[in-house]
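Summarising the annotation, TrEMBL assigns divalent metal cation binding site to His66, Asp104, His312, Glu316.
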Amino acid sequence: MNLGELVSALSDFASPSLAESWDNVGLLVEPSPPHVVNTLFLTNDLTEEVMEEAVQKKAELILSYHPPIFTPLQRVTWGSWKERLVVRALEHRIGIYSPHTAYDAIPHGVNSWLAKGLGACTSVPLHPSTAPHYPTEGPHRVEFCADSTELETLLSKIKDIQDISSITTLPARVEGEEQTRVSLNCSQKALLEVVALLCKNSSLYHKTEILLLQKPLLPHTGMGRLCTLSEPVSLLTMIERIKSHLKLAHIRLAVGKGKTLESPVKKVALCAGSGSSVLKGVKADLYLTGEMSHHAVLDAVADGISVILCEHSNTERGFLSELRDTLAIHLQNKINIIVSEKDRDPLQVA
């Protein structure tokens with residue numbers, strides 16, 4: 001597949017607009033065109049060891065779940081390992097694409113995969129995603145009524161304001177008088193100018209309504225998951241299920257205040273990767289994530305919530321095998337998709 005065609009297909013699979021605002025997602029390194037991709041190489045973290053594996057396997061595009069370029073690079077030299085990744089990628093004409101939190105949000109993404117280890121359950125996003133665009137242009141709608149004597153001049157001034165859209169007029173009867181109802185959509189900045197204009201006429205201002213246009217929520221899409229088990233199980237049983245799903249010999253555990261290993265678990269709040277901010281304040285029997293701050297764990301335990309930590313990328317990496325199969329169908333088996341064998345969490349139990 002042509003690189004542009006493949007990137008478009010990856011965006012259709014998980015729109016980059018679903019990623020968190022702080023994230024750096026999409027195509028990060030692009031070889032000069034034309035660039036044809038026969039082999040797509042999947043990894044959770046793009047390290048130098050993984051890059052060499054991609055070179056050996058003659059990949060033309062690396063999909064790295066975590067973006068290897070996150071903060072801006074001031075130079076591209078051989079001096080630091082992340083800069084060397086860019087050098088090696090361009091030398092071998094390998095593109096780099098990162099989806100990161102876009103894959104966290106989608107219904108068929110990382111968090112939904114992580115929830116499969118809990119057993120039969122229903123789940124909803126902890127922080128639902130909203131549609132990337134407002135229902136109409138501009139986040140605000142302004143509606144007011146004016147009589148014919150002032151309408152033409154007023155509309156002329158409004159049309160001179162930038163970021164005004166969808167101006168409509170309809171006949172209206174207000175307090176027995178024939179008037180015109182004006183409706184328009186505008187940006188936050190334009191709203192201030194429109195209100196300032198209407199304030200010059202007190203009768204207009206008092207007949208003005210300002211509406212905030214809410215972006216609709218996307219079903220089953222968003223950060224984290226709150227999972228309700230079909231049948232409660234003991235904390236000990238849940239630990240064994242999670243270790244089996246993630247193929248881990250060990251996890252880290254903090255038992256909630258007043259709880260034991262035999263305490264029932266019915267609700268699990270989870271977040272792949274780092275969960276402190278996503279899980280904060282959520283009512284559940286158990287928090288499942290890769291890592292949390294020390295004080296976030298103390299807060300959870302004090303609230304009677306047990307915490308299981310599995311290390312950051314251990315809660316993400318297993319998704320890659322499922323992703324390989326799902327992308328193969330999405331891309332109609334047009335390219336070869338392989339998963340890194342060198343990719344692993346940097347933290348090990350010694």
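We count from 1, first residue shown onward.
Placed from the backbone N, Cα and C atoms, the Cβ positions cover glycine too.
Of all the binding-site residues listed here (His66, His312), the one with the fewest other CB atoms within 10 A of its own CB is His66. Other than the site residues His66, Asp104, His312, Glu316, same-chain residues with C-beta atoms no more than 8 angstroms from the centre of those residues' C-beta atoms, the divalent metal cation site, are Asn44, Tyr65, His100, Val110, Ala272, Gly273, Ser274, Gly290, Ser313, Thr315. Listed in sequence order, Val110, Asn111, Met223, Cys271, Ala272, Gly273 are the same-chain residues six or more apart from Asp104 (divalent metal cation binding site) with CB atoms under 8 A from its CB. Glu316 (divalent metal cation binding site) has a Cβ environment of 25 other Cβ atoms inside 10 Å.
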